[in-house]
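Q: Pulled these features from Swiss-Prot for this protein:
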BINDING   Arg23, Glu80, Lys120, Lys439  (6S)-5-formyl-5,6,7,8-tetrahydrofolate binding site
BINDING   Asn227, Thr246, Val248, Thr251  K(+) binding site
BINDING   227-232, 246-252, 271-274  GTP binding site
BINDING   Ser231, Thr252  Mg(2+) binding site
DOMAIN    217-365  domain 'TrmE-type G'
Amino acid sequence: MLSTDTIYALSSGSLPAGVAIIRVSGPETADALVRLCGTLPPPRIATLRTIRTRNGETLDSGLVLYFPTPASFTGEDCCELQVHGGRAVVSAILDELAATGGLRHAEAGEFARRAFQNGKLDLVEVEGLADLIAAETEMQRRLAIEQSGGGQSALYAGWARRLTHSRAMIEAELDFADEDDVPGSVSAVIWEDVGRLRQEIDGHIARAGLAEIIRDGLKIVIAGEPNAGKSSLLNALARRDIAIVTEVAGTTRDVLSVDLSLAGFSVKLFDTAGLRETDELVEREGIRRARQVIADADLVLLLSEKPGHFRIDEVLPENVPVIRVATKVDRPSPSWAPSDADIFLSTRTGEGMADLLTALQSHLPDLAGRTALAMPSRKRHVDCLRQASAALERSLISSDLELRAEQLRQAGDALGRITGRVDVENLLDVIFSEFCIGK
């Protein structure tokens with residue numbers, strides 16, 4: 001059910017700031033603008049206005065933009081007040097809006113929710129918008145742009161149209177098999193396309209792991225025996241002191257982490273307790289947590305200050321790549337052979353750091369030359385795609401034409417749930433809660 005309330009909120013960042021943007025949306029927008037500014041500005045033209053209280057007291061002056069329905073972000077009458085970003089200025093304008101009848105403060109994500117309800121955005125675009133606001137790396141920005149700009153939705157819509165066409169032809173064959181204007185056997189052509197569509201969906205699902213790395217970061221765990229230089233490496237890569245570094249073995253008792261940006265990708269770097277047998281209770285808990293983090297790693301940096309001490313096989317998950325890093329190589333002993341490690345490093349002198357960064361980048365996904373990042377970025381997308389693929393598989397192996405048509409309908413519904421065109425009411429509160437108040 002669509003709301004008839006008119007809502008307002010600060011849509012820009014935290015105060016104070018050079019400029020603050022206050023957004024209003026709903027049927028009372030035009031009246032609220034007239035009360036604040038005296039006259040309604042021309043649609044979609046930034047106009048300088050003095051903003052006053054009901055008693056004529058000047059609150060501020062700024063640019064005002066008015067977007068009549070339906071050509072606005074929310075699809076409703078909407079306006080933006082671009083004013084000076086002082087706390088007192090913004091507070092006074094918000095108080096004046098609150099005192100205006102028919103207006104209320106917006107809830108988190110309510111502007112975006114109205115855009116969805118009014119058909120201005122689908123759910124994939126809404127989620128992409130949330131990701132774009134939260135993006136911290138270049139690859140996160142590119143992935144979010146692909147979704148918020150409608151590229152991903154266009155792909156799903158194309159698949160849905162193919163399913164609709166297939167269903168229509170099959171229904172025609174079922175209902176009008178005796179009619180001359182209905183092809184006698186469309187099944188062969190239709191099911192070939194359904195098979196191709198299933199392959200396309202499965203290929204799309206296979207890229208979900210890459211999207212997860214882009215959104216959530218590549219998990220790199222620094223592991224090794226106590227006093228191997230793990231905390232020093234964490235500090236060196238982070239370029240600031242995060243972990244305590246001493247010559248005492250077992251200093252790190254808990255898992256420490258830091259977020260980095262590497263070649264446009266988000267990287268989550270974990271420093272762990274040294275792996276050894278110990279009776280000390282707190283250190284044992286730290287080692288247990290270290291093993292847990294290693295089990296979830298995308299890449300392990302295995303450190304040792306001595307040749308032949310790269311021992312982690314008992315806790316390393318299958319198929320997780322390992323880079324063996326020889327540490328403290330600025331010391332005169334021990335002596336390392338070239339085959340003893342992959343990287344030879346000294347965090348004190350910086351020797352080997354460039355080689356390590358190059359090695360880390362080689363484990364990042366290769367997206368060179370790819371202009372679009374069409375891939376499912378959320379678990380719910382993958383779940384719906386798997387449901388669609390499973391329904392298509394059932395349709396391909398079934399012998400009953402009516403059952404096959406029903407499986408195509410289920411596949412189409414699964415695709416529709418991704419964009420929000422089918423049965424998603426229970427998801428909306430979760431999705432829109434990711435937004436700030438003014439979005």
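Each Cβ is built from the backbone N, Cα and C atoms, and glycine gets one as well.
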Q: So what's the average pLDDT for the domain 'TrmE-type G' (217-365)?
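A: Averaged over the domain 'TrmE-type G' (217-365), the predicted model reaches a pLDDT of 81.
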Q: Give me the CA-CA distance between Lys230 (GTP binding site) and Glu80 ((6S)-5-formyl-5,6,7,8-tetrahydrofolate binding site), in Å, as a whole number.
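A: With distance taken Cα to Cα, Glu80 ((6S)-5-formyl-5,6,7,8-tetrahydrofolate binding site) is 51 Å from Lys230 (GTP binding site).
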Q: What's the CA-CA gap between Ala273 (GTP binding site) and Ser231 (Mg(2+) binding site) in angstrom, rounded?
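A: Cα to Cα, Ala273 (GTP binding site) and Ser231 (Mg(2+) binding site) are separated by 9 Å.
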Q: When you tally the Cβ atoms that lie within 10 Å of each candidate's Cβ, which of the binding-site residues (Arg23, Lys120) has the highest tally?
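A: The most densely surrounded of these binding-site residues is Arg23.
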Q: Just give me the nearest neighbour of Ser231 (Mg(2+) binding site) among the binding-site residues Arg23, Glu80, Lys120, Cα to Cα.
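A: That would be Arg23, the closest of Arg23, Glu80, Lys120 to Ser231 (Mg(2+) binding site).
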Q: Between the Cα atoms of Arg23 ((6S)-5-formyl-5,6,7,8-tetrahydrofolate binding site) and Asn227 (K(+) binding site), what distance do you get, rounded to the nearest Å?
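A: For Arg23 ((6S)-5-formyl-5,6,7,8-tetrahydrofolate binding site) versus Asn227 (K(+) binding site), the Cα atoms are 55 Å apart.
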Q: Please list, in sequence order, the residues in the chain of Glu80 ((6S)-5-formyl-5,6,7,8-tetrahydrofolate binding site) that are at least six apart in sequence and whose C-beta is under 8 Å away from its C-beta.
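A: Those within reach of Glu80 ((6S)-5-formyl-5,6,7,8-tetrahydrofolate binding site), by Cβ under 8 Å and sequence separation of 6 or more, are Ser11, Ile21, Ile22, Arg23, Val24, Val64, Leu65, Phe67.
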Q: Give the distance between the Cα atoms of Lys120 ((6S)-5-formyl-5,6,7,8-tetrahydrofolate binding site) and Asn227 (K(+) binding site), rounded to the nearest whole Å.
A: 57
